[in-house]
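Worksheet for the structure shown next.
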Amino acid sequence: MTKEKLSPGMQQYLDIKKDYPDAFLLFRMGDFYELFYDDAIKAAQILEISLTSRNKNADNPIPMAGVPYHSAQQYIDVLIDLGYKVAIAEQMEDPKKAVGVVKREVVQVITPGTVVDSTKPDSANNFLVSLDTDGSQFGLSYMDLSTGEFYATTLADLPAVRSEVLNLKTRELVIGFELSENEDQLFRKQMNLLLSFEKTVYDDVHLLDDQLKAIELAAAGKLLQYVHNTQKRELSHLQKLVHYEIKDYLQMAYATKSSLDLLENARSGKKHGSLYWLLDETKTAMGTRLLRTWIDRPLVSSSLISKRQDIIQTFLDHFFERSDLSDSLKGVYDIERLASRVSFGKANPKDLLQLGQTLSQVPVIKTILESFASSSLESLINQIDTLPELEALIRSAIDSNAPITITEGGMIREGFDETLDKYRTVMREGTSWIADIETKERQKSGISTLKIDYNKKDGYYFHVTNSNLSLVPDYFFRKATLKNSERFGTAELAKIEGEMLEAREESANLEYDIFMRIRSQVESYIERLQNLAKSLATVDVLQSLAVVAENNHYVRPSFNHQQEISIENGRHAVVEKVMGSQEYIPNTINFDQKTSIQLITGPNMSGKSTYMRQLALTVIMAQLGSFVAADSADLPIFDAIFTRIGAADDLISGQSTFMVEMMEANHAIKAATPNSLILFDELGRGTATYDGMALAQAIIEYIHNKVGAKTLFATHYHELTDLSTRLTSLVNVHVATLEKDGEVTFLHKIADGPADKSYGIHVAKIAGLPKDLLNRADHILVDLEKMSAAVSVNLKNETKESQPVEEQLSLFAIDNNYEELIKKLKQLDLTNLTPRESMNALFDLKELL
């Protein structure tokens, strides 16, 4: 169908749609949002709704699908979750009063980064991120429209951008410059981001601080412009832009946070089994979000950490007061998101009631905090604004039984507005008057069944059956005739009805106006409400950390400037919690000033990785202000943590385990300082044995000689333990085992010195390999050990060879090649070999045959 043949309504649809080609256009028509053409076809498939057509008898019917306006949000949520944009076109005038086609406009574009309303409420932040560049560095800005938070920073390069974008759990990225092919590939394909583009800077002097760097202001200004383009309104809840520096927090790449299960369990993708899960005893949505932020960005300032610790200690010292505080916080709703709903003009009476209930709890919370009588809480108490005038307004204005909608009436409390009360009196008395008229006319007419009914079409009427029509008085006038009865009116009834309908209409209009005025008054308090939310969130997180510390017998860590680590009987806090009643075996970790590297050897499944993660989690917990899982802990303040734990292939970008290992190792040794913590687990296992060993040794030497960072390096290359003879800051430790009657028990305890065996066959036994296979492996191992020759590669790459033999012997003869073959076989860690490593090993062995 050509545009010339379209109806005015469809022409209007196409005119609007051309401005939003990348979004589903929900076009309001009466009680439905309609979709047309390709939008309808795609939406019908995705949303599982009926696909029909407009102008069905035409040569080219227009595909059409629709959803009811009152339940549209659930369908919008589905589209947004799948990464689509949705444009909402509303009717801007009453269709009954419209001349020609009803005026329609897009009032909002909802995108994955701009979700505010949702049928699936989630306490987590939803950050919309923008990126700009001046060619030498990147400006990154982000905001959460549901809370009003607004931040900006400068990043040196694309890897730093990638890490920060991942850390922010970004779904939508606003780009302010022309992307290169590599950048486009990174963001679209590898990171699976929805990209939106904005070249215009929105200059808002109230939100943007001109003291910030130009590149940050550019990113923030373009983000603001994009938000104004999509939301189509001024947003009073957006907070002033806050500059932050990555270096002001404990730096951790996204891969590090993932490998340590900080915010979610890397294997399940769920909260359970993460540090966040362990520490979350918060009672409010704001507290939950702030706890995630603290875990994501631990501090590097000992004074700020100490302030948090002091408050936690205060809470621990006052159990009953803390319990009262916890109970009071349960009555606090999500102030930040309630404020944003007010700003968006979407707050309903229930929202205001929740806000009022929250404000009624604030004085109680403040009084409880004052009862602790602690100087550590003074600053926090002073920041808590009780807003008594706002609480009084909501309490006096909003009816406690108010509905969710703002058009049904029943929102405003009796006694708040004199005129509204008069209208309500008329409606109540009108009902009584009608009852009196019914009784009077029944008696006068002698019609015993006479009654007054009401419907929208006929209004109020007397219902008279056919058998009583002869008794109808002359002053009754007919309103409707039915098969078995007729409906009548009277002048008196019509007068009362008119007064009641007028009162009802005026009451509804006035009540709506009053509610809008109240909501506007609430909007003027948004900044104070947001500040209150921050204070209550801080209280909530600190009480949560106190509860966790008490329940799990954690201790307050201390900090030193000597770069010494002393953790007495430390535990992996999350593993301990998951184990529940099982006994957790603690480990002591010590690094003096002279020690920078612990080289850890021991069998698989013995606890090397847990020991490494234990240290990292202890550091993170300590630096976010939490108490820690140990008998005692004295730590330096670390500036960064670098990890390579586990074989996390980067399958999206097609990079192998070994490539990822080398990239992460490269990043660590280049970015680490003497104040950093490095955790490398089995580095080098992704390539051939000697390649891996050589690289592992070279990396250890580089860290020792040039970086100086505190390092835990777990390895299955037992030859590396000899490094302690010439690297003065390296010490060997191992996971202890107990051998008895041919059985091996892993003690999960770290002991000094190197491990003497790998216990690979024992691990295979635990894994359930057949008994005859294991027995055969034992015999082969004994034979191989007996025939092993004295070929050794020392740490200076000097090789000692046995005396040459004149001719090639059989496989079981002891010649140079066989000795080398035996040595390589013994070095193979079969339980850890990947398919690629196995192929490399076979090629190496084949060369010796």
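Every residue, even glycine, has its Cβ placed from backbone N, Cα and C.
According to Swiss-Prot, the protein has these features:
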{"type": "BINDING", "residues": "Gly602, Pro603, Asn604, Met605, Ser606, Gly607, Lys608, Ser609", "note": "ATP binding site"}
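Least packed by the Cβ count within 10 Å, out of the binding-site residues Ser606, Ser609, is Ser609.
Other residues of the same chain near the ATP site, with their Cβ within 8 Å of the Cβ centroid of Gly602, Pro603, Asn604, Met605, Ser606, Gly607, Lys608, Ser609, are Val735, Phe746. Neighbour count (other Cβ atoms within 10 Å of the Cβ, all protein chains): 26 for Lys608 (ATP binding site).
Within 10 Å of the C-beta of Asn604 (ATP binding site) there are 22 other C-beta atoms, taking all protein chains into account. In sequence order, Lys608, Ala714, His734, Val735, Ala736, Thr737, Ala755 constitute the residues six or more apart from Gly602 (ATP binding site) in its chain with CB-CB distances below 8 Å. Counting every protein chain shown, the Cβ of Met605 (ATP binding site) has 16 other Cβ atoms within 10 Å.
The Cβ neighbour count for Pro603 (ATP binding site), using a 10 Å radius over every protein chain in view, is 24.
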